[in-house]
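Student: Pasting a structure below so you can have a look.
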Amino acid sequence: MPKNSKGNNYGSQENMPEKDDNDDPIDLDDLLPKIGEFGIYQKLLLWLVCLPACLPCGFCAFNQLFMTDVPDHWCKVPELQNFNLTEEQRKIMSIPRKADDNTTFEKCSRYSVNWTEILSTDKNCEINTSWPLEPCFDGYVYDRSEVKSSIVIDFDLVCDFDVYPTLGLVALNVGGPIGVYSFGMLNDRIGRKKSFFTCLTTLLVGSLMTAYAHEYWFWVLARTIVGLTIPAVYQIPFIISLELAGPNYRSFVTVMTCIFYTLGLILLSGVTYMLRDWRSLALATSVPFFLYYLYWFVLPESPRWLLMRKRFEEANKILKSIARVNGKELPVEYTHKIQRQVLEQAMSGDKEAKTASMFALCRTPNMRLKTFLITLNWCASEMVYVGLSYYGPAIGNNQYMSFFLSSAVEIPSYLVCWVLMDRVGRRWPLCLSMVISGIFCIVTVLLPNGAETETLILYLISKCFISASFLIIYPYAGELYPTELRGVGIGTSAYIGGLGLIIIPFVNYLGSSNLVLPLVVMGAVSVVGGLTALRLPETLHTSLPQTAEEGEEFGKDWTYADCFKCGGQRPVAEAESYENLDQLELTQPPTEMDDELSEMPNIRRSSMRKLVRQASIVETQRDLDGNMKMTYWF
């Protein structure tokens, strides 16, 4: 039914609301300021439920780096076990030294001689470097002074099998794109709450299988199951808190989630330092999360999803709880509107929601180019960020300290980036963060061999900058895609970016022969991605495109001179629009809070302006009918 203007009220029914009020859909963005945009309810949900839910994702995604520690190793010679020799003496006698370095021993070969015969005739035998060599037919001896236990030791994943730990990391990343898409669809069908516990159960099953794996391929299967839940296991409760927070606070919720995720990685570095047994580590980083099943009693279903599924009474109950905890009252007109929609639902059949196609992104030349560049930047940023995170333990003298530092440097980058995006813009911070990160990676090739401290410093600077780009790319992509294609656009770019992670473990595998080679490769990818970002139009202080036609026109007049422009000039808003993010001020009708703080208008406007950022796109994506689609968000 088309909307009628306020002047077209026909009839004389006194108790009937105005026609446009009857037809308006329920918009929580209008309701939340009246029942509390970020009141006690949302704060308790964020700090006690959603932020702790970040821990399982980081713990189970990166604990694998420490399960695959490779200790110093050499061939086992069973014949020498029968003689009264120390392990070091056996090593000196049976293992040849490297030709280019007479102080280190070969790891994958031994002398092919009959030691029983030699030692029975001459116990003080002289080592003959011309003796023939052979592979380690009888297994390996491992130096357990630092690495007490790892899957490499238990499954002999060295020499000809040294790529197998890398394949385990590939298996983890293969599960990611499959899982987030599957759980995204599950979210749209059974709801956020049930999907979270399904995801949590999958994660815990995979983690327990990991801890009790006694065969390598069973361990790989377990890591694939764990990968299915990453990063969905923390994104689902994050989405619930994001959907319950008002538009002015979604930016704050997003940044706090990133920071708390990083704090989880810092905590993981301490756990891995104390637990050197890989099975104990797998259990310690998963079993405590069984406590999260208690969230069933406190984690609410998303009212947005309930409204989308036309479960109005359940949504009304949750909204009343939010209002009650926040010390507000749910407006009567919203209760009437929900009751009216319940009746309309019973009288009319549901319509199938329209969905946008990913092919719509490529129908016109400008939209096609922007889609390609956005996806390229997303893929480059995600690959380099995850690649550097994986490579952290390999840098420096202490892998635990290196991982701790590589995680800690992310926090200041998030805070600085949060401020710069609304002052400088999106394009230049994205470009500079990726280019600077890449340059510092590439510079490591100029350092002399053995410069571990200098390499670590350059690596940490690079990690800091790439973390900033990883925070920028999502809201920037959301602003570049038009509203009706935003969901499928972000979903496509993010999915392709996730597929790019599959090759990252192989890039890091290059570091087994040359420490700085993976850094150079990732640095080149980061620089190329950052430079291509300059071709994208700036979105700061601009009206965002709504339709595919507007998306095609947006940035179509780009010239090379635009590369040197930073930020944009704030236009005069013709009309208030939820999509015009940077024009969003406190122009809503006065609320009770406005009345209470009327004596301090400057303080309120200043504090709110700092929190208002990316309000329309840092949220669950919508289909063409305005319904929330978790599949798109992932």
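Start at 1 and count along the chain as shown; that gives each residue its number.
Backbone N, Cα and C define each Cβ position, glycine as well.
According to TrEMBL, the record shows the following:
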type	residues	note
REGION	1-25	region 'Disordered'
COMPBIAS	1-15	compositional bias 'Polar residues'
TRANSMEM	44-66	transmembrane segment
DOMAIN	124-541	domain 'Major facilitator superfamily (MFS) profile'
TRANSMEM	163-183	transmembrane segment
TRANSMEM	195-214	transmembrane segment
TRANSMEM	220-240	transmembrane segment
TRANSMEM	252-275	transmembrane segment
TRANSMEM	281-299	transmembrane segment
TRANSMEM	372-391	transmembrane segment
TRANSMEM	428-450	transmembrane segment
TRANSMEM	456-476	transmembrane segment
TRANSMEM	488-509	transmembrane segment
TRANSMEM	515-534	transmembrane segment
Student: Considering pairs 6 or more residues apart, do the transmembrane segment (44-66) and the transmembrane segment (456-476) have at least three CB pairs under 8 Å?
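Tutor: No; fewer than 3 Cβ pairs under 8 Å.
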Student: Tell me if the transmembrane segment (281-299) touches the transmembrane segment (195-214). I count contact as 3 or more CB pairs below 8 A, with pairs 6 or more residues apart.
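Tutor: Yes; at least 3 Cβ pairs under 8 Å.
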Student: State, in range form, which of 220-240, 252-275, 428-450, 488-509 has the highest count of Cβ pairs under 8 Å to the transmembrane segment (515-534).
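Tutor: Ranking 220-240, 252-275, 428-450, 488-509 by Cβ pairs under 8 Å to the transmembrane segment (515-534) puts 428-450 first.
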Student: By Cβ distance under 8 Å, which residues at least 6 away from the ends of the transmembrane segment (456-476) in the same chain are close to it?
Tutor: 255, 258, 374, 377-378, 381-382, 384-385, 388-389, 391-392, 395-396, 402, 405-406, 409-410, 412-414, 416-418, 421, 426-427, 429-430, 432-434, 436-438, 440-441, 443-444, 447, 490, 494, 519, 523, 526, 530, 536, 539, 613-614, 617-618
Student: Where among 220-240, 281-299, 372-391, 488-509 do we find the most Cβ pairs under 8 Å to the transmembrane segment (428-450)?
Tutor: 372-391
Student: For the transmembrane segment (220-240), give me same-chain residues lying six or more residues beyond its boundaries with a C-beta closer than 8 angstroms to one of its C-beta atoms, as numbers and ranges.
Tutor: 45, 49-50, 53-58, 60-61, 64, 167-169, 171-176, 178-180, 182-184, 187, 192-193, 195-196, 199-200, 202-203, 205-207, 209-210, 213, 253, 257, 261, 295, 299-302, 620, 630, 633-634
Student: Would you report the average pLDDT that the model assigns to the domain 'Major facilitator superfamily (MFS) profile' (124-541)?
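Tutor: Its mean pLDDT is 87.
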